[in-house]
Amino acid sequence: MKNASRTTSRSWAIAAICSFINFLHLGVARQSGLLYLAAMARYDANRNQASLPFVLCYTVRNISGPLVGYLGRKIGLESVTVLGCIIASVGMGACYFAEDITMVTVLWGGVFGLGFGMGSVLIPVILNQHFDKYLSNANGIAFGGECVAGFILPVLIKILLDSYGTSGLFLILSGLMLHSVPAAMLLKASATNPSRPAHKPETGHPSLGDTVLFSGVDGIYNKSFHLDDTVYWTPNSLPSASQDTSLTSEMLKEMDKRRPVYNDKSNEISMVDNFSSNNYQKNEHEWKSINLNQEYNLEEISIPGLTKDSNSIRDSNMNHKTGSHILDSASKSNENNPPIESSKASSSHSFRVFLDPAFILMLLTQSTFIFIGTMILTIIVDLSRDAGVSTDEEIYILMCLSISDMLGRFGLGWVTDKGYMTNVTFSCFCYFSLGIILTALVFIKGFILIMVAAFFIGLFLGGLLIVCPGIVSDHIENDKITMALSSRFVLYAPISLTQSSLIGFFRGSKGSYNGILYMLTAVCLLCCVMSLSIPLAARFRERRKEKARLLKQEKL
């Protein structure tokens, strides 16, 4: 017997919607080079002033991660995403009225940056709730929208700049960004109103692998019993144990006829009719002997395919008096169960993830990964010129990097999803390979060799991007996943402040990028070691928790 997968056709629709949202958010933010030049001309600003809004945008996005994670726990992932899309559109559109670079810095860097973070940071968390299998491929589809935008938006922005100017461009981009609002609403609708398939009787025997057992008052039942007439179970439908004996007796008789089971076809908890009148009989004395004060918290039950926002359960703290246990005979771990975060724990409790040694390693490696990627994108053109690539050929270097990045995002997810490598092992392989290629860039010359190096750099950067969320999901406790996924890049903000100084020192003072390439190689190898240490840190955390639990039991 096995747990039912929560990866369905609707899950892939969610991934496609996330891809569209990233197309707009990450895609527009990625055009900072074109927007920077346009702002410099429109507002008569110097390079430092004109670049500030677009640098600040990414800084605000990454710094806001913990706040976004907190809001995601507090008001819901999809609600925060919708709100972020609205704020991003407002901040971008307000730039139409700006007449100086300072106002653009506030509106684009601050307002749009915050909306950018709220609208995009939680997407890996949303995907994590809809996928247990093929999570890396789902992340690849979602983040691949940014790469597709890299081919479409530059042409569109160039046309709009020529036709409407910089201010008009901001207004039109704002209108384009507004399309992310209904897309985000589709995420919310899918989370709160899952479609219910028609309940039709099915013939034939279910396979053993599709069998999940449930226990109730009368015994054990099989999920393969499909419901012709489903009655959805809500807290109001169950009488309180404190009511009088006659009402309690009536309640127990009703429960003998209908009992709650989980139906994975509709992701709902339903009341199933008694399919056998001869299961066994209880007399009145036996019914009264049942302890009605015994409580079963749903938050302590692993229910495959059921999200916290489902309408079938209004409150995850709801207690089912004399309810049903769910027997998960198939699984010895929770690896196939959806990461449902307990609502008993306060939202502020999730900030404790910053004390988790495993998350600290993820914070270092994944923030550093963004630093490596942005540094390479910044210096690759100038580096290729130093290697003998002509100005006419350098555009092909950038195109090759973008294409291979897209291939990595869309095509490398199967390596981990099919089980050929774990997420941690694959990330180590990518970091190690990047280190080798960056060292090789010190010695290679010529257009062809630089093109080959750029291709593999983009491929491994794309592969790393899609497995990073999986590493978090694999090794962080369920009640802290939202905060962990939203905050994993927060260190990039202070680290990014060193980029300009490093480029100025090595290229300006030393005359080459060799020092930066050696430094990035060392950083890649360090990230490789830290990635391998993540499972060890997670096991250390679990051992420490177990010791604390045993010590507490001894004191009691």
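Just so it is clear, glycine is given a Cβ too, placed from its N, Cα and C backbone atoms.
Taken from TrEMBL, the feature compositional bias 'Polar residues' applies to 309-321 (among others).
According to TrEMBL, the feature compositional bias 'Polar residues' maps to 330-345 (among others).
Here TrEMBL flags 309-345 as region 'Disordered'.
Here TrEMBL flags 12-30 (among others) as transmembrane segment. Using a Cβ-Cβ cut-off under 8 Å and counting only residues 6 or more beyond its ends in the same chain, the transmembrane segment (12-30) has close neighbours at 54, 57-58, 61, 81, 85, 88, 92, 116, 119-120, 123, 126-127, 130-131, 138, 141-146, 148-150, 152-153, 173, 176-177, 179-180, 183-184, 186-187, 190.
For the transmembrane segment (79-99), the list of distant contacts is 21, 25, 28, 43, 68, 71-72, 107-108, 110-120, 122-123, 126, 167-168, 170-171, 173-175, 177-178, 180-181, 183-185, 187-188: same-chain residues at least six beyond its ends, Cβ to Cβ under 8 Å. Feature annotation from TrEMBL assigns transmembrane segment to 79-99 (among others).
Here TrEMBL flags 105-127 (among others) as transmembrane segment.
Counting only same-chain residues 6+ beyond the ends of the transmembrane segment (167-187), those with a CB under 8 A from a CB of the stretch are 14, 17-18, 20-21, 24-25, 28, 35, 38, 42, 77-78, 81-82, 84-86, 88-90, 92-93, 95-98, 119, 126, 157, 160-161. Feature annotation from TrEMBL assigns transmembrane segment to 167-187 (among others).
Residues annotated as transmembrane segment in TrEMBL: 358-383 (among others).
What TrEMBL lists as transmembrane segment is 395-412 (among others).
For the transmembrane segment (424-444), the residues of the chain that approach it from at least six positions outside its boundaries are 365, 372, 376, 383, 387, 412, 415-416, 450, 453, 456-457, 460-461, 463-464, 467-468, 471, 474, 514, 517-518, 520-522, 524-525, 527-528, 531-532, 534-535, judged by C-beta separation under 8 angstroms. Marked as transmembrane segment by TrEMBL: 424-444 (among others).
For 450-468 (among others), the entry in TrEMBL reads transmembrane segment.
Tertiary neighbourhood of the transmembrane segment (489-509): same-chain residues 55, 58-59, 62-63, 65-66, 363-364, 366-368, 370-371, 374-375, 378-379, 382, 515-516, 519, selected by CB-CB distance under 8 Å and a gap of 6+ residues from either end. What TrEMBL records for 489-509 (among others) is transmembrane segment.
Annotated transmembrane segment per TrEMBL: 515-538 (among others), in sequence order. Away from its own ends, the transmembrane segment (515-538) comes close to residues 356-358, 360-362, 364-365, 368-369, 371-372, 375-376, 379, 424, 427-428, 431-432, 434-436, 438-439, 441-442, 471, 475-476, 502-503, 505-507 of its chain (Cβ-Cβ under 8 Å, at least six residues beyond either end).
Beyond the transmembrane segment (358-383), the same-chain residues lying 6 or more positions past its ends with a Cβ under 8 Å from any Cβ of the stretch are 62, 394, 397-398, 401, 427, 431, 434, 438, 441, 450, 454, 457, 461, 464-465, 468, 471-472, 475-476, 480, 484, 487-492, 495-496, 499, 502-503, 507, 513, 516, 520, 523-524, 526-527, 530-531, 533-535, 537-538, 541.
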